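Remarks on the structure that follows.
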């Protein structure tokens, strides 16, 4: 597992997501200052809406889980596990971390 | 029940079809179902009257019984019922009806139905509005800290974002507000199924010069956008990628356009007929009044979208009686209609006041709109708000015309604040380096989304279907 430097903190949007290209895959990176893990990385592909939009979804904290709601049809996905709360689908997840001002994703 | 046609006013269709399909006995005075109610209140069919076999969600064919079963099996909320039955997960058009059925089933089981907006605030939307206004709260985090708990969700964030915008009218993409904005507001454009956006410049009253039409056409041509005339007399440009949005808007702003806020729960359009200036039958300048109204209320964010229209005579070519605010010219001034809408359940607007002069017309519209903003539920259109307003039309007249609550001055002041603080959000955005950064497709890469693929149909682009994408990608490979 290699930690790849993706961007700096300033590229992220607090309490929201941005998209990055990591090894040819689209990754949605969320910066949640109030969460213990601070940064989360999941696939940008919405498996139900079938479009690369997850980074543009609203984040939420529901029943002790940090989730993102699809901007297309509003299904929730757990940002740590990728599991969809309403359906039997999931998002691929990556380990992510912020060290000082740098954002890394493990590949 | 005999088959009859409803002409013009079909707002009773939902009720009648449920009576017909479910063979429900007609009430003692069946004429009450179709005739105007004498006391100003509408005769609806409560969800408890629906039989178990009534189809609530037609996309997934979910009956009232399936919903009752899910609730009996432990589903405690609309979300739980959605997961258990898939109801309202298709087109979503039945969401409001589903909520009524779920609440009704919960109540029947003796479970108290919460009116809290979500798990993060023990308050209704109306309470939150009052709190924000009275305590002068300017941000979501301040409100959450003082009156809520946890970290928020996709229900309370946009709802509070909307309240803050209605009350203070700050720039919605400011650092403290950007995380509150739902799909379309977040990028000030309308997301389409493939993740691209459509762009709608404001065309007040539907009046546009040839030069401006040419600019729209040229921009659409340069960016290869699909163009379509909207129902609100403007032009929608589809297929713009995230990074293209600011570029497109720079050009539109340079040509004198402003944001049309087609993405917001806000004032959309004021449709108008050509009026007395050209029309042989027109009795007043409907276009002039439509432009005046659109320029006054543009920028107002509200619990749901707002559509207006102005007709120059009683022939009603602008279809004002199907709008949230409808104005029709008379020999004596303007007739004002309120709380109509199209959508899933069309409702004709109610005649609110007659033969008004320009000044009184605007005063009443100010008050009606702000009273709606103050008292409506989240995502409740004016039609549903009116139907749920205790006392209905007569009550609204007392509040707005007779000032029975002594709040008209406050309502007008608040509207003046919104009007006075208007900014074109796109103009602010294209001049804000920090905001512009959020429109990048990727933070670490200049490429485009390869899943966005268009094909040509009727001489314009459209998103490729999944099958077409497979073929096109195979060819390219």
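Glycine is treated like the rest: Cβ placed from N, Cα and C.
If you look up TrEMBL, you'll see B:56-102 marked as domain 'BFD-like [2Fe-2S]-binding'.
According to TrEMBL, the domain 'Nitrite/Sulfite reductase ferredoxin-like' annotation covers B:192-253.
The feature domain 'Nitrite/sulphite reductase 4Fe-4S' is assigned by TrEMBL to B:264-400.
Counting residues of the domain 'Nitrite/sulphite reductase 4Fe-4S' (B:264-400) by DSSP class, helix then strand then coil, yields 49 helix, 35 strand, 53 coil. Each residue in the domain 'BFD-like [2Fe-2S]-binding' (B:56-102) gets a DSSP state, and the totals come to 25 helix, 4 strand, 18 coil. According to DSSP, the secondary structure content of the domain 'Nitrite/Sulfite reductase ferredoxin-like' (B:192-253) in residues is 26 helix, 14 strand, 22 coil.
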